[in-house]
Amino acid sequence: MQLYDVVIIGGGHAGCEAASASARSGACTALVTHKISALGTMSCNPAIGGLGKGHLVREIDALDGLMGRAADIAGIQFRLLNRRKGPAVRGPRTQADRKLYKKAIQKFLQEQDNLILIEDEAVDLIVKDNCVSGVVLKKQGELFSGAVVLTTGTFLNGLIHIGDKTWAAGRMGEHSSVQLAERLKKYDINLGRLKTGTPARLSKKTINWNCLSKQKADEDPVPFSLLTEKIEQPQIECAITRTNTQTHQIIRENIHRSALYSGMIEGLGPRYCPSVEDKIVKFGERDGHQIFLEPEGLNDDTIYPNGLSTSLPEDVQVALLRTIEGLESVKILQPGYAIEYDFVNPQQLTKTLELRSLPGLFLAGQINGTTGYEEAAAQGLLAGLNAARKVGGLNEIIISRSTAYIGVMVDDLVSRGVSEPYRMFTSRAEFRLSLRSDNADARLTPLAQQWGIVSQKRWDLYQQKQQRLDQARSICQKLFLTPNQASAHGLQVNHDGIRRSAYDLLAYPHMSIERLSHFWQQLQSIDPKTVESLEIEAQYAVYLEKQAQDISALQRDERLEIPSSLDFQTISGLSNELKTKIQKISPRSIADAQKIDGMTPAALSLIITYIQRQRREKAESA
């Protein structure tokens with residue numbers, strides 16, 4: 001009999017992080033995948049990070065996960081998105097060499113203690129007394145465990161569509177998990193269908209690069225991981241082109257041949273990553289749509305045309321591509337396709353990502369209705385950690401919305417569910433000033449240390465970093481100027497008689513350590529990385545203090561009970577639609593009311609104010 005503490009099913013981004021987190025927790029862990037050689041495959045675009053997504057990668061790294069380190073090893077075009085905007089919404093991103101990324105992930109897993117890799121297919125769960133106690137494999141039979149983490153990605157009943165052609169597959173060239181999907185239905189799990197897509201892969205040597213504008217990498221690459229000392233790979237350029245009226249005409253003439261518009265596809269696709277057919281149908285008034293030509297590797301002939309996801313027949317794909325500047329003679333290496341797959345309604349999960357109806361079964365990644373490598377990896381880490389802790393008899397880990405984007409995502413999924421693939425954006429976080437990509441380690445690494453999943457090397461580096469920051473902050477807080485002294489140095493402050501520290505002055509627009517060091521030379525000894533952290537911290541200090549108060553108020557308000565006698569129809573300012581929903585659901589607390597679909601912060605504020613006013617009036621009349 002084969003016995004493990006935790007079994008992970010699936011070797012994509014969620015599965016790899018789940019396996020690593022479980023094993024780092026000390027649990028004897030097995031990772032089951034169709035192909036060990038495919039572990040860590042980037043199934044769609046060759047990039048990691050971006051707006052919102054880059055925050056998740058930094059958080060994964062702060063918890064000692066794999067994705068950030070692998071991206072740094074494989075990164076061939078690092079760019080910090082939104083560089084000109086505030087630090088809270090800046091998004092680190094890199095193009096990655098697919099082969100190098102996969103190689104890095106596989107190396108991490110092969111070197112991980114407490115982890116064994118198994119090449120097989122899961123076809124059923126072992127359930128005893130309504131609790132999951134293992135899996136059944138196609139070749140090796142029963143694997144018993146204390147917990148199971150399902151990270152099936154697009155493989156669960158996956159169907160590929162290209163025009164009128166359809167076949168079962170998890171991704172191009174790999175078969176789907178049909179048996180497991182059928183077995184899940186017998187456990188009365190609420191399943192749905194979603195869809196995603198990918199563009200054709202193009203031959204690099206058949207593209208006319210000379211006529212295209214280029215997008216360069218940042219001169220000073222910003223890595224994802226605290227452990228990365230230097231970006232080693234050479235940095236490459238991407239090219240930019242556009243669709244045109246001729247492209248759009250070909251798509252319109254053949255729209256009936258698209259699997260998406262012929263009625264063959266049932267599942268909804270990601271709103272923020274539409275197919276090119278969707279773009280033309282929904283935004284037909286535009287004369288063109290931007291396409292990024294992204295190399296898939298340093299020594300690879302494959303180009304990923306970001307922005308051209310499609311399920312049109314291959315002949316139509318060739319025709320539309322050759323209307324685009326630079327692609328007049330292009331050859332397709334692999335056609336674009338749409339893929340449909342089963343997902344589980346995430347409202348059936350707890351915030352540990354355990355299925356309520358089947359204790360011992362944890363779900364992570366696209367099976368929970370999300371889209372994207374980063375979203376999957378973050379869920380995988382949390383699910384693997386909680387699976388290991390459940391087996392070890394330890395307290396469960398729930399990450400709050402005010403602590404991390406991971407917490408925002410999980411709360412959104414569990415509380416609100418999904419009607420389309422969920423993608424992370426900074427706009428989803430109420431407290432994004434505190435949840436910056438630059439302070440992910442300060443927010444999460446001490447917690448990860450308590451949970452026992454951080455290496456000694458990372459913990460030492462983190463402590464050294466924080467020590468440098470504490471020392472620099474202390475220096476700045478001990479240096480003062482009066483308003484007259486500030487004016488003498490050309491600094492514009494209010495002449496209110498208040499002495500201001502160097503730390504206070506850093507909150508002023510266009511202020512920097514470099515400028516202050518002209519008359520406070522001791523500031524010149526602060527290293528550049530610490531300078532950046534200190535300047536951001538000081539810039540946000542006042543706002544963060546207010547946000548901390550808001551977080552405390554939210555936590556207090558969430559515990560506020562809603563009287564059963566409360567008539568929501570009497571609360572002015574609430575929409576009639578929301579009044580009807582609330583009255584029907586009858587939430588017992590503000591925390592319950594938050595979970596109602598369509599509930600907004602403004603509406604919550606109206607309800608809280610109304611309840612508090614009623615309480616005051618009742619107290620005054622007593």
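Each residue, glycine too, has its Cβ placed from N, Cα and C.
Sequence-distant neighbours of His13 (FAD binding site): residues of the same chain at least 6 apart with a C-beta under 8 Å from its C-beta are Gly40, Met67, Gly365, Tyr373, Glu374, Ala376, Ala377, Gly380. Secondary structure at His13 (FAD binding site), taken from DSSP and collapsed to helix, strand or coil, is helix. What Swiss-Prot lists as FAD binding site is Gly10, Gly11, Gly12, His13, Ala14, Gly15, and the listing cites sequence analysis.
Annotation comment: Swiss-Prot describes 269-283 as NAD(+) binding site. Following the DSSP three-state reduction, the secondary structure of Arg271 (NAD(+) binding site) is coil. A 10 Å cutoff on Cβ-Cβ distances gives Arg271 (NAD(+) binding site) a total of 13 other Cβ atoms nearby, all chains included.
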Point to revise | Non-site residues, in chain order, whose CB comes within 8 A of the mean position of the CB atoms of Gly10, Gly11, Gly12, His13, Ala14, Gly15 at FAD | key: Ile8, Cys16, Glu17, Ala18, Thr33, Thr151, Gly153, Ala364, Gly365, Ala376, Gly380
Revision key, fill the gap. Whole-Å Cα distance, Arg271 (NAD(+) binding site) to Ala14 (FAD binding site), is 22
Study note, to complete from the structure: Ordered by sequence, the long-range same-chain Cβ contacts of Glu277 (NAD(+) binding site) under 8 Å (at least 6 apart) are Ile251, Ile255, Ser258, Leu260, Tyr261, Thr310, Ser311, Leu312
Revision key, fill the gap. CB contacts under 8 angstroms to Cys273 (NAD(+) binding site), restricted to the same chain and 6+ apart in sequence, sorted by sequence, are Thr196, Ser309, Thr371, Arg423
Revision key, fill the gap. Same-chain residues at least 6 apart in sequence with Cβ under 8 Å of the Cβ of Lys279 (NAD(+) binding site), in sequence order, are Arg286, His289
Point to revise | Distance, Gly12 (FAD binding site) to Phe283 (NAD(+) binding site) (CA atoms, angstrom) | key: 33
Review point. What number of additional C-beta atoms lies within 10 angstroms of the C-beta atom of Gly10 (FAD binding site)?
Key: 31
Practice item. May I ask which residues of the same chain, at least 6 positions away in sequence, place their Cβ under 8 angstroms from the Cβ of Ala14 (FAD binding site)? Key: Thr151, Gly153, Ala364, Gly365, Gln366, Ala376, Ala377, Gln379, Gly380, Ala383
